[in-house]
Amino acid sequence: MTDSSSASDPTAGPVDPGPAPSAPDPALEDPASTPANGHHPNQADSFNMEQQMKIGEPEDNAGLLESSMRLKPHEAQSYRKKALWVSWVSIVVTMILAIAAFTVSIMRHSASAFGFAFDATLDVLSSIIVLWRYSNAAAVHSAHREYIACVILGVVFILSAITILVKAIHDLATKLEPEVDDFLYSVSVISGVVCTVLCVCKFMLGKVLTSRALITDGFNSLVGGVMGFSILISAEVFKHEPSVWFLDGTIGILIGLIILAYGVKLLKDMVPRIRQTRHYERFE
């Protein structure tokens, strides 16, 4: 009677629903979601994790080239070996061409042949630098090593350009006329064809590996190919028009200026980058 009367009494106060249910503990619902150390991640931990992920990315100036994002490890090593093979072939072939061109320049008084001989010597040196650049398998993507190689190439370019310019200007000042024969033609054609083929191979590998050093080596081979054909052109022109004796020396000056400009630009671009990546020598 008491319960029914109290339930029907409109003046009675509200019934107490009891204590409110507490929010479930995530750790009790899913034990796997709790870290092993019992510590839940907070904002500081999330920030540290993001920072670590950024540090691990190859494009944050951490001393890696763009090729580290494009190539898989086995692909990078495959292209590295190809670059080494091309460099060895370039060293052997251009050394033979340099000796032949020096012989032609001495025997036939050709300024452009001398320029090509020096450029072939430069090609040998640049290929040796590329060999050093890719000698370490772990440093295939090392930007710091890449920039050092480019700076050395820039210095060699400038020194070679000065020598070529001095020789060409001297020949023009003394009105030295080149002598034309079959030996000169043979060296010119072989040099032009071989250097052009090497240039294409180096440019392709340099593009894949994003290597400025390989591209620079390819540019040097391109200059060698142009100079090889220029020897042929200037000799043929002089054979039919002796009054155009200055063409040979003029081409030598032009090539010297091109090499000089490229060397200066290389130093201007790469010296600041060496300073930026000097703390990232972990692959050396």
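Cβ atoms here come from the backbone N, Cα and C positions, even for glycine.
The topological domain 'Cytoplasmic' annotation in Swiss-Prot covers 1-83 (among others) and is backed by a curator's inference.
Per Swiss-Prot, region 'Disordered' is recorded for 1-44.
Annotation comment: Swiss-Prot describes 84-104 (among others) as transmembrane segment.
Sequence annotations record features per position, and here Swiss-Prot assigns topological domain 'Extracellular' to 105-111 (among others) based on a curator's inference. Here the topological domain 'Extracellular' (105-111) has Cβ contacts under 8 Å with residues 117, 167-168, 171-172, 176-181, 183-184, 231, 234-235, 248-249, 251-252 of the same chain, all six or more residues outside its ends.
Sequence-distant contacts of the transmembrane segment (112-132) (same chain, six or more residues past either end, CB-CB distance under 8 Å): 83-84, 87-88, 90-91, 94-95, 97-98, 101-102, 104-105, 149, 152-153, 156-157, 160, 163-164, 167-168, 178, 184, 187, 191, 195, 198, 213-214, 216-217, 220-221, 223-224, 227-228, 230-231, 234, 248-249, 251-252, 255-256, 259. If you look up Swiss-Prot, you'll see 112-132 (among others) marked as transmembrane segment.
Taken from Swiss-Prot, the feature topological domain 'Cytoplasmic' applies to 133-145 (among others), supported by a curator's inference.
Residues or ranges marked as transmembrane segment by Swiss-Prot on the basis of sequence analysis: 146-166 (among others).
Model confidence over the topological domain 'Extracellular' (167-182) stands at 79, taken as the mean pLDDT rounded to a whole number. Summarising the annotation, Swiss-Prot assigns topological domain 'Extracellular' to 167-182 (among others).
Residues 86, 89-90, 93-94, 97, 100-101, 104, 107-108, 110, 113, 116, 120, 123, 214-215, 217-219, 221-222, 224-229, 231-232, 235 of the same chain, all 6+ positions outside the transmembrane segment (183-203), place their C-beta atoms under 8 angstroms from a C-beta of that stretch. Look at Swiss-Prot and you will find 183-203 (among others) tagged as transmembrane segment.
Annotated topological domain 'Cytoplasmic' per Swiss-Prot: 204-212 (among others), in sequence order, evidence recorded as a curator's inference. Helix first, then strand, then coil: DSSP counts for the topological domain 'Cytoplasmic' (204-212) stand at 6 helix, 0 strand, 3 coil.
Residues 83, 87, 90, 94, 97, 104, 110, 112-113, 115-116, 119-120, 122-123, 126-127, 129-130, 133, 146, 149-150, 153, 157, 184-185, 187-196, 198-203, 205-207, 247-248, 251, 255, 258-259, 262, 266 of the same chain sit 6 or more residues outside the transmembrane segment (213-233) yet have a Cβ under 8 Å from a Cβ within it. Residues annotated as transmembrane segment in Swiss-Prot, with sequence analysis given as evidence: 213-233 (among others).
Annotated topological domain 'Extracellular' per Swiss-Prot: 234-243 (among others), in sequence order, evidence recorded as a curator's inference.
According to Swiss-Prot, the transmembrane segment annotation covers 244-264 (among others).
The feature topological domain 'Cytoplasmic' is assigned by Swiss-Prot to 265-284 (among others).
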Counts of helix, strand and coil residues, the topological domain 'Cytoplasmic' (133-145), according to DSSP: 7 helix, 1 strand, 5 coil
- line: Within the same chain, the residues 6 or more beyond the ends of the transmembrane segment (84-104) and with Cβ under 8 Å of it are 110, 113-114, 116-118, 120-121, 123-124, 127-128, 130-131, 134-135, 183-184, 187, 190-191, 194-195, 198, 201-202, 205, 217, 221, 224, 231
Task: Determine which residues of the chain contact the transmembrane segment (244-264) at the Cβ level, with the cut-off under 8 Å and only residues 6 or more beyond its ends counted.
output: 110-112, 114-115, 119, 122, 153-158, 160-162, 164-165, 167-169, 171-172, 175-178, 216, 219-220, 223, 226-227, 230-231, 233-235, 237-238
